[in-house]
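Only one structure is covered here, and it is reproduced in the block below.
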Amino acid sequence: MTSKSKAQLAPLPRTEILAYWVLSLGSHLYSFYQLHRFSKEHEAGLERGFQLEKGLVKGFKRDLSDFEWSFWTEWAKKSLLWTLIGHGVISRLTSIFNPKFRVPALTIYGLLAASSVLGIKGVSVLLVHVGLSFSLAQLQKPALSWCCNLLLLSTLHIHPLQEIQRGWYKTEEEYYLLVFSVAVCGLRLISFSLEHCWSPADGGGAVQLGWLFSYTFYHPFFYNGPIISYRDYTEQMQRPAEECDGDTSGVIYLVLRSGRIILWWCLAEYMIHVMYMHSIQSNETYLEILPPWALGGLALALVQFFFVKYLVLFGFPSMLASMDQLVPPKLPGCVSIMYSFTGMWRHFDAGLYRWLIRYIYVPLGGSRHGLLYQMLSTGLAFGFVCLWHGGHDYLRYWALMNWAGVVVENTLKSVFASSYIHSIVELNVSPAMERRCVALLSAFSTAMLILSNLVFLGGIHVGRIFWKRVFIQGWSTIALPMLAFLYCFAQIGLEWTSRPP
């Protein structure tokens, strides 16, 4: 909200920063404790109505209502964990004995691994998409490539086609795995098509098709990401072997990174054992009777679990990609120190953010042609994200809220960066007080950011009840204390992000 960069924000007294840390951590822990108490008090009712099963620890139940966590955990146990380990073994062996064969070997392995889970028919769908996208990309018409790939993505929502594809599998989970694979594959095909239109690669069509197959069926990123561009993938996979780290550092990296992923997994499991936030959010009655502190704990627990979940889901694939000489996107940043819509998008899913910037925002003009083009580019980027996630009603509200949040933040930033306003601020406000004003504005932005995330994670009914209970019924008793704590969160976020790298 200011023209100063984060690195130029004025430092505050250590005692003040310590107070912010104590209040931030204390509010987190106390609200989680209140949510834990509510979960245990209503455990019997939640067990009857929702998916509580016997926990991994004796005496505890386990909340299975988060579809994504349950889905990927089950698939990891069935096959994905083992096929990912197999990828690592193949990559390591080919790097040692025949480095030139590493990329073809990983491509073949990825295709076979996908076929073993999706079946021949499922992989055939992906091959059709690859073939159509590759063929139209040869015409080097970006608009045509966009239309083709959007039409391919839209096939996920054609009901007769959905029923045909469901008939290929014995369980609904297998069909959903195909849906996720096609959706993520769509981003990769758009990346390839536009890169080819803008700057055709050297080599014949067979070489380009081979790299597209390698990029599409690269196993660690195949089902769920994270996303990297076609250009980055091909450049990094072709780096000479001598640029890689040595054997010892590779083993140390593997051990340390694996340990971190296991800790993240344990933390995620601990959260769904002691706080039944996903079952509670599914029932409007419980949302209405939650005590204020437990209501805040529910909001924090939902977004924190989403953060920890993606540390696990992106962590293991990113570790394998790093061992393959790729530079994966940074893992999600902690949501408790994110104090703006812009920062949330930039730091939570860095791969998707860079993809949107490169292929939608910048080509449409971005910030280079004034505020109107910036608003249009941002709106179309969020519109695509909404469509890619499924285009449901709650996603439209979520996308609209994020678009409005980013536009308001950018507008305020432009206003405060103007020479007139900037000179007034410098003359009348001390640097420390300016930082406090930034944190205060960020507290309001964070409140709306949390509300939008609750709509995304729980649906419209969750966002509506939170809005009613916090900002209408509890504007004086809940909203004001909440903004005070969010102010502390924002100060911690400003302190964290202003540190030198």
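Heads up, residue numbers simply count up from 1 along the chain you see.
A Cβ is built for glycine as well, from the same backbone N, Cα and C atoms used for every other residue.
If you look up TrEMBL, you'll see 106-131 (among others) marked as transmembrane segment.
What TrEMBL records for 174-194 (among others) is transmembrane segment.
As annotated by TrEMBL, transmembrane segment applies to 206-223 (among others).
What TrEMBL lists as transmembrane segment is 262-281 (among others). Long-range neighbours of the transmembrane segment (262-281) within the same chain, counting only residues 6 or more positions beyond its ends whose Cβ lies under 8 Å from a Cβ of the stretch, are 32, 35-36, 38-39, 42-43, 46, 49-52, 55-57, 60-66, 69, 287, 290, 297-298, 301-302, 304-305, 308-309, 311-312, 315, 457-458, 462.
For 293-316 (among others), the entry in TrEMBL reads transmembrane segment. Here the transmembrane segment (293-316) has long-range neighbours at 27-28, 30-38, 66, 68-69, 72, 84, 220, 224-226, 257, 260-261, 264-265, 267-268, 271-272, 275, 277-278, 280-281, 287, 328-329, 331-332, 334-336, 348-349, 450, 453-454, 457-458, 466, 469-470, 478, 482, 485, meaning same-chain residues at least 6 beyond its ends whose C-beta is under 8 angstroms from one of its own.
What TrEMBL records for 371-391 (among others) is transmembrane segment.
According to TrEMBL, the transmembrane segment annotation covers 438-458 (among others).
The transmembrane segment feature in TrEMBL is assigned to 470-494 (among others).
Distant neighbours of the transmembrane segment (106-131): 79-80, 83, 86-87, 90-91, 94, 152, 165, 168-169, 174, 177-178, 181-182, 185-186, 189, 210, 212-214, 216-219, 222, 324; these residues of the same chain sit at least 6 beyond its ends, with a Cβ under 8 Å from one of its Cβ atoms.
Counting Cβ pairs closer than 8 Å to the transmembrane segment (371-391), the top stretch among 174-194, 206-223, 470-494 is 174-194.
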